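S.K.: Mind looking over this structure? Questions follow.
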Amino acid sequence: GITLSSIVPSMFAVHGGAGYHIKGVEKYCKEAVKIALQNSDIVDGVAYLEDVDKFNCGYGSNLTKSGRVECDAAVMTSDRYIFGGVAVADCLKNPVKAAQSIVHNIMENEDWDLTPPMVISGNGINNWAKENNFGVISNDELISENAKKVYNSINNLLLLDTCGGCSITKDNKISSLSCVSSGGIAFKHDGRIGHSVMFGAAIWSECTENGQSISISISGFGEAIYRTHLAQKISSVILKADDNNEVFCSIIGEFLKDEFLNSSVNSLFPSERLLCGGIILFLNSKTNHSEVIYFHNTPNFVFAFSDGHKVRRCFSELKKEVTLHLMDNFNFCIGINDLHERKEDEFYKVEIIYDDEECELALQCPNIFVDSSTYSLQNLPVIFDVCYSTIRGTNVSLRINALNCILKIGYQQMDVINCYINDLQDSTDYSVLGRQRKCIVNDFLMIMYGALQIMVRLEESHKEMHSNASVNKIGNNDKVVNNKYMLLIKDIRNSFLQYLTDIFKYLQEESRFLNIVSESGYLNDVCQTTTSVLIKCMDHKRFHYKDEKDDIIKIFIIFGYTIKCLNSSQIVETGLSNMFENSINFCSFTNFYFIDAMCDVEEEFPIFKESFENVYEKIIDVFVEKAPTDSLKEGSNKVFIASLKSLAQRKPKFILNHVSKLALILFSECGYTSKNCVLSILGQLVVNWTEFNNNEDLETRRFFVEKILSFEEDKSSLIRSKCLSILKDIIEKRVLDDSLSDIGVIRVLNNSLVDEQTSVRKVGLQALKELLSNNPYSETLSYSFIHKKYKKAYQDFEEMSNVHFSFNKDAIFQDVNSIYIDYNETNDMSKYPTVPLDNLSLLLDDGERINYCATYIKQFVDFETLFDVGEISNQILNYAQQNFEISMEDCETNLVAKQYLDNIVQLYKKLSFIKQMEDSLERVLKIAFNGSVYEVREALSLLTIFKKFGIDNSILSFRKICRLAFRKNEDLQREVFKCLVYVCVSEHEDTDTRYKSTLQNVMELLIGDEEHQPGVEEALTKLIICIDTKDFQQKEFMDKKMFELLYSNYIDSEESDSTKRLAAIRLVKVLSRSRPKLVKQKLDNLKQLIMNEENPLQFHIEILEIIYQFGKNNSDMVDSNSLLFHFDDDLIKFLFCQLQKNCDNPNYTLWLSIMQKFVAIIFDACYESTFIISEFFQMCLKKLEFLLKLQINLEQFHDNLIESLRKGDDLTLTTALKNKINRTKKFFGYKNRKVDLVAIRLLEFISEVGLRFTVYNDKTFVQTSANILDTLKKFKKNDNKLINKVEVYKGEVKNFTSWERQILDNEGVFYINEGVEIQDEVFDQGLPSEEHFKGIAIKNANNEAFLEGRILERMMHIAIFICLSEKSKKDDGDVVNCFSKESINLAYIALSKLALVNDTICSRIIEILFNRLSKVESHTKINLLITVTDLLIRFPNNVDPFSGHIIKTVLDSDIRVRYTSLSLVVFLILKNLLNFKKSITDVARRLLDKDSTISSIAQYFFQELMKEDKEAMKIIPELISELIFRRYDISFDEYQSIVYFILSLIEKDSISDYIINTFCDRLKSNTSGDEVQRIETAKRLIYSISLLEITEKSFRHISMAFPHFSSLILIEPEICEFFKIIVEDIEKLLGKTNSEDNKEMYSKFLTFANNVIDGTSDNFAENEEQQEEYYKEIVEKSKKPNCKRKVAIGHKWKILIFQILQREGFKKFANGEPCILGVDEAGRGPVLGPMVYGLGVVTEKNQDILKELKVDDSKNLTDLKRRQIFDKINNDSNVKKYFTYRLHVISPRMISCRMLMDQKGVLNEISHTSCIDLIKAAIDSGINVKAVYIDTVGPKDKYQKKLQDIFKKIKIVVSEKADSKYPIVSAASIAAKVTRDDRIANWNYIEGDKYCCKITGSGYPGDGKTKQYLIDNCDKIFGFTSFVRFSWETAESLIQKHCYKVNWDPYNMSKTKEKTGTKRPAVTLLKYFSKVKKVE
């Protein structure tokens, strides 16, 4: 067909009809086209034919039986498919103009209340014409003489020639129009209407969104044409063929044969009457593909058309033995004149279509020779015809041969042209020269066009092969292709490209040949067609690979030559930009090499330098024009972006010149990809500036960076990430050095670290890392250090400004002397860097002065000969002083001042940089704790760099991150360890230096605040343990040598300061866990260090911890080497004495710490634990007793003095006594403080012992028992039959055996009488079990150990005594307590610790603790809460009655208490350890806490709580009730906020329904209290309901409750507002429902509700008649179960359908357009709920709508995603236009009944029948079904055959996983799944609502929740509800197991027994559940 060289401005065609025509009439068609062109209206052209009596339209039309003219005419436009026509028109001269007028009226119509006429017929035409000022004539005026003759002719039945026209034009947009006019068949019946006015029959016009336009006009046998909607269906076929890149002619030919000539629809008519003919215009504006096609099976067909150059005509005749003539070969080669005189027509026409054999023969012997007179190639037309034949055919090999042949001829013609040009100068016969030129041009056009078109078809074949081929990637961009034709096409393509290169190069170089082609007028066409073909070749997926780049370069070389030939790049730039914009193939390219190829061509070929500049500019212009409005497709946008990035890299200067255009995109509303592209280009220009621009334009670059920074707050995180990524590159290249701070780069990076998106923070960390690593300052970034230098520099500047300033001579002398000494030792001066001597400020810098002196010596002193320190010092001083004086003479050139100022400015910038880095450090640290694993890794790496540059607080940051070692994530721990290794472990080559440096780094880390100390020690411990793993193989840490160095330098050394010593001992503590063997040998030394110190420090506490660790880890009682103490051990005695001696010493500040370590050692590393604890306790008691007695004596003495004073008379004595009393009071106060101190320390000791005894009770007692058992076993093993006697305790520790000591130490855990001998028989009888020992241990722990007089009992008494001593007495008006408040609080804490020991103590103490809980201050309350929580976990029965006290603490005024309390309460409730009941209201109030942390904890609590449906349904109603009950202390605003958050967490409709039901019940019973109370209650309940989703089920509850609160709506405006929200939800429900009954119910309710809201006079609340009607219409109907069942007739038997659902518009969907069906089910396997079969229907040509919906197998989608898609299916108008569905919901009961029948309708049969019924329903509804895709059930082949036998004319595809393969099946699957889920969630239990709240699980038999549901809901008599498929094996087994066996038919049973010998079994209910034996 015609492939126009560009999109023509218009396409017009007119035909004279299919039938009998006399040659010559085609000239009228040509004239008609010219008229249409002139008027830009094809209707005018057809109207012209109506006036010519040669055609059967208008004047001269065929006559009817009665001899009249009755015309039909119609016009259709692509604008909204508007169609208009007239039928049986007997009074119109030009009926087609009337039809056009009707169309115009419809187009202008805006009011559709009255539909304008579309087709007018008969008598109505006359009236219409008059109303519209349309001229009418008599019928006689329409009858021509020729028509009269034909009327009497025998050929009248064959004259079927209807005229028509087509056009495709472009005004603002491309549109198509088609028209037709006909007089009908000759001798037709009066009033007969033909196909002309039938929509979609004779004409069709359409324009698609894909750029396709089509216009069709058809003539022929009208009845057959309109029965098949021929024009419309041809359009569909062509559009589909264009999408699939198929040849139109072959597709149309097959279609006409199948759907018209052989169609069953036309089987009514004789085959000889099935005549038709027509013309088709097609244009694809995106691919530049246009065609004019004609077809006919009548004797002839006349037409004319415009090809964009001229109007052409054609008289086509049907050849013999040809049934259908269909051609697109006219005007095949544009511009080829009638050179060879083969026809009289004015253009060359291919006359013969060769078959493959003829083509092969012609190509073997082309026999091309040159006519010397004309320079033409003889026989070229034959080869050209062969080329066309290969193009029409499908033989790839033949096309290759044809192209090869035509290329050879092309080179032959080049020689001919060369000869002609050489001979040109010898000829002067211009007429001959003109003829020769014409011949040369026509041959050239034939060769070019033939080669180009064959190459197009070969490329199409190659693309198809490439897509289907098996391509295996090898390495990068390499591939293997296993297809011989692809290789052959590749070879011929290379030849083709080479020929084009040669011919265009020849054109460009040979100006005379260029003039010949140019003067012919075809140069532009040749270049344009070549460009178009090459662009089609480029639009190929193969160019994704880099090794195909050479072909791109070859093509761009040809483009270069075409540009040179035309002196314009417009064709190339337009073609390339269109390809970039519209290519589908390029969308998937990861690399895009086209721009690189163009740049390579420009660089390699000087002739093409800057040839493609306009092309580049066109690409930028298109991008700038369309990107801001997102007009580019997603894929093409990617292509343009890749092109621009390549341009920025290869042509930066060009991009810089056009950057102002690109910048406009940044301020548009386009997508992020386009903005990111421009930002990347700006960044690239900044980074590569010096490579393309010699000018150091710093300001421009700064401007670009500032523009990039301005997008750091963009709403798109992708743009923010891109900005940071660009900054990272700029920083890495060090483009702007220290000016980054000035323009806000660091500020942007700091902000990025707190961005909400992980991706932004990630890039921000990377950029900050680059900035810090490549900072323009020195390696030291300590603020304090640099600030000192800054102050020093400023002082030096002021000093230098002083008139009497001079340099420091002594300092210079010392530096020179140092140089001298060093030079004498090394004989080398190279270690001193050379500095500029004119920078005199260096002499004032203590660090740089020596370098200045050395530089002077190297330049001016012969130091190798003579090195006089004094003389050289004087020379340097004089040199500097002279230069200084010179510079001071001219202030403007004062270099010294300038140097000083520059130094100050530089230091100031550095300080500013450091300050910003310190801010960054805090944010990086936060990321290290809270970020993802990747972020943590980046943050840790960055922290090491902070440490490297010595930024202040960096070591503190490292101490903080050590806490990460406690996390369980091994990858995270490994990153922490790597970070620590980098920071701590030195890599110095010298071993000693490395050891010292490593120890210093580690100890620096170990010193700091105590908050982070545990994390540091844990991290270092784990690091030392794992440092030998593969991650740290190259590192060395803490071997024996390093440990000795640590001990000698920092612990034993007296020179070591206290801080380093503390750090060293902490390191030893770390090593005691990680390298215990190293430390163990130093234990004695460590003990000695403690005992030598009377006033201990923290250092000594750490030593005690080390000793404790060893004792704790070596508790094997049999191991003689274990570190275990006796009570007489020196260390124990020392600690005992120290604690005893300083018990009342307030200056002994570490008493508590030492006591805690002492108790820990006693319990875990000492034999006589109880003995020592008892002794120490007694000691403390005695101390307290002594002090208390002293206090009593003092009080008595005080009282006696007072009494003496009262009795005395001597004034002197009175004065003396007063002084004595004052001194006594002071002493008494001092002793009182001592009492408190001792009491406090005693209570702290009791607390510690209580905790230890708790652990002892849980672990040590049981462990000891097990140890005893193990020891006895060891004795038996070692001593065989020897008698073993247990030595009796004689009061000395030495008399103990090791295991006896442990027994006695535990107060009778395992008691042995004195003198008892253990015989061997004891062992023979077997040892007691381990359980026996455990029992003894627990028993003794709970009883014997705590009898009266035992240690814990006494401790408890003391604590209670102090607690109860909180009494006061008055003395002179003052209140005096026995003990301080602190003592009393500690007593309660001690009691709480003792309560942890066992439930006996707990039960005695717990009430005391809770009575105190509300009275103590915050700190004590927090401690008590923590202990009470522990008690609740250990002894829940004792603590549970007081749980309300715990929850009340969440309301405490102190934020710390609220935080602790809420955290504990949330933990306990979520672990089901705390019965909260209604007290949860107090927790809910914390949702509104002012502290965000506390409120977030409360939010977390409710989020977790609501995850369990059962909990949600229980908690929410109780909570709401409590919030309503406490309305006096909980305001409505607070209520709203709490309820809004909690109800927003509800996700399931079933929960929402249940809660609404509960609220509605409350509204019904809201009758108590006064009116104010009832209004407040109703307001809160209705507000709560308004927050929930209203469903069909919950609507019933609301409608039932409405009468009970309707009157309050009129009273309270707020209730009215909340109720309006509920009404709006019900209105939405009305729009969604498919049930007519529900629609009626909702509508009626809304009427009642709106009347109440509006307060109308007849509103329901105040009108009794309305109330009666409401009860009748709403309430009574709501009580009836809405469970209507429909019965549908199945394929073989009846299926009870629970519900049939189909979307509105299912019937006659798509108006007869071909449709595709998909069938799938949901719920086939579950034991619960219905099975839903779904049928999806989509129009065949709009299947892409499913891809846009992103449908997939419903099992692969989340519930939310499925519902979103289903919502679009139901509500999106565009989707509803092309897709619909129908559903069959099959009840569980019906499935079960069929499964249990004697002749079982098995589940497969149920599924098959449902599928068949759905397909039949679609067909019966008038849907044009073309194909059905089905997910298989059972064997797919049998299933497919079964369906194909039923639906023989429909394509059936049955496949596994069809819901994953075919989108239409996926859509059906989604509809079925969502519907089933909704049915399950809202199941209407006919058995009662009590079942609706049960948790059912997934429904599958294997689900535990489902099994539990079945068990809970299995009635022992009646079995299961209607919700259960009782035929499933799971259900059957439960019935057999749990249900009674019942005979429900005793009558039949008895009758059966009466009939002896009968064989009929008893008919009972059991028969339907299991087989029964026959009763004989």
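Each residue, glycine too, has its Cβ placed from N, Cα and C.
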S.K.: Starting from the divalent metal cation binding annotation in TrEMBL that includes Asp1720, Glu1721, which of Asp1831, Asp1837, Asp1845 is the extra site residue?
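M.R.: The candidate from Asp1831, Asp1837, Asp1845 that TrEMBL ties to divalent metal cation along with Asp1720, Glu1721 is Asp1831.
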S.K.: Once the chains shown are all counted, how many other Cβ atoms turn up within 10 Å of the Cβ of Thr162 (active site, nucleophile)?
M.R.: 35
S.K.: Need one number: mean pLDDT over the domain 'RNase H type-2' (1714-1940).
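M.R.: Summarising the domain 'RNase H type-2' (1714-1940) by its mean pLDDT gives 85.
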S.K.: According to DSSP, which kind of secondary structure is Thr162 (active site, nucleophile) found in, if we only use helix, strand and coil?
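M.R.: DSSP assigns Thr162 (active site, nucleophile) to coil.
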S.K.: For a quick check of understanding: among the binding-site residues Asp1720, Glu1721, Asp1831, which residue's Cβ has the most other Cβ atoms within 10 Å?
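M.R.: Counting every other Cβ within 10 Å of each candidate, the maximum falls on Asp1720.
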S.K.: Between Asp1720 (divalent metal cation binding site) and Thr162 (active site, nucleophile), how many Å separate their Cα atoms?
M.R.: 48
S.K.: In whole Å, how far is Thr162 (active site, nucleophile) from Glu1721 (divalent metal cation binding site) when you measure between their Cα atoms?
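M.R.: Computed Cα spacing between Glu1721 (divalent metal cation binding site) and Thr162 (active site, nucleophile) is 52 Å.
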S.K.: How long is the line from the C-alpha of Asp1831 (divalent metal cation binding site) to the C-alpha of Thr162 (active site, nucleophile), rounded to the nearest angstrom?
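M.R.: Cα of Asp1831 (divalent metal cation binding site) to Cα of Thr162 (active site, nucleophile) measures 49 Å after rounding.
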